[in-house]
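Notes to accompany the following structure.
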Amino acid sequence: MEIILGIVMFTVIVLVLALMILFAKSKLVSEGDITIKVNGEKELTMPAGGKLLGALANEGIFIPSACGGGGSCGQCRVVVKSGGGDILPTELSHISKREAREGCRLSCQVNVKTDMDIEVPEEVFGVKKWECTVISNDNKATFIKELKLAIPEGEEVPFRAGGYIQIEAPPHTVAYKDFDIPEEYHEDWDKYNLWQYVSKVDEPILRAYSMASYPEEKGIIMLNVRIATPPPRVPDAPPGQMSSYIWSLKPGDKVTISGPFGEFFAKDTDAEMVFIGGGAGMAPMRSHIFDQLKRLNSKRKITFWYGARSKREMFYVEDFDQLAAEFPNFTWHVALSDPLPEDNWDGYTGFIHNVVYENHLKNHEAPEDCEFYMCGPPIMNQSVIKMLKDLGVEDENILLDDFGG
């Protein structure tokens, strides 16, 4: 009798647990189709599940997301008027309390579970997707490649200088030992044993890159991509997924991009423009400066200050030398933070924010009237911003492409 009672009790418990699981699933797991109303006009019907960022992309509405949907960049903002659930803690570091009350959400964090009514920026409807072909993918510095893509014939990416595109990568496995890297850069790669790394990605990924090309360079998109290797103090950390993929690309390979996006645009004034860059932050600097001089024929005073580690890390030197020779309103300067003995360097040395201050802004009659455009590693950006604040430069004249943020 006790055995039979035990079996009955066990069966009842199993049935209760099964019913609880089914009930929880009905509440937590979405099934069937839902409808998303966009900007009060367009209605999208789609299967429930996934995140709003991806769901909109599947319908051809590409919301900018520099981090590819990881919740770290804070750029994929939409307004959720109804549906979408409560705002998540991961969103609150990017969205103020006032914005949250107005329905602002990060689309990469919003679950598609119920019908929704949302608002997106009108400019996203001008965003398109292209399958491009790799023209070249050459080292410009030890850890920076210039990826040059051909846009499909008859197509055009209508971007503004300082804008960016998003690049997609399929699931892949990339071995660093297979990278095509010129001999002149092997010293550092050998020193840090970077050839050992392998990047394995099981799902499609998306990342944003500022363009080094400017609008008059028709038919191509140029990017400067720094390889994201594990830091020396954490050698077991995984390497950067997208940068590893991009570094593996070869001429003829197909690459999917979407865009254009951006907000790091030049102001339409006559103020002096001071560009400050470092590392792969060269990309939007080149785009802006070429656009101002070659396309707009700007008469504004323009200076460019670039920080590099050694002479080996300098690139586009001939391009900027030619601009300086052709346009009397443009000058450019490089500061090396760690020049090598063989560099025989007699130019500026030290960190770029100090060099800009000592050699340009210290005795400038009105630095607060200049416009400052910067892009570089986070520590460079922070140092430059502090220096500018100390000089009395207002926020509205400090424009930052924060690719490291």
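Every residue, even glycine, has its Cβ placed from backbone N, Cα and C.
The structure displayed is predicted, hence computed values, not measured ones.
If you check Swiss-Prot, you get these features:
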BINDING   C67, C73, C76, C108  [2Fe-2S] cluster binding site
DOMAIN    32-124  domain '2Fe-2S ferredoxin-type'
DOMAIN    127-267  domain 'FAD-binding FR-type'
REGION    270-387  region 'Catalytic'
TRANSMEM  3-23  transmembrane segment
Looking only at the domain 'FAD-binding FR-type' (127-267), how are its residues distributed among DSSP helix, strand and coil? 23 helix, 57 strand, 61 coil
Around the Cβ of C67 ([2Fe-2S] cluster binding site), other Cβ atoms within 10 Å, all chains included, total 16
Under a criterion of Cβ-Cβ distance under 8 Å and sequence separation of at least 6, what residues of the same chain contact C76 ([2Fe-2S] cluster binding site)? L53, I63, P64, S65, G69, L106, S107, C108
For the recorded [2Fe-2S] cluster site formed by C67, C73, C76, C108, name the remaining residues of the chain with Cβ within 8 Å of the site's Cβ center, in chain order. L53, S65, A66, G68, G69, G70, G71, S72, G74, Q75, L106
What does DSSP say about C76 ([2Fe-2S] cluster binding site): helix, strand or coil? coil
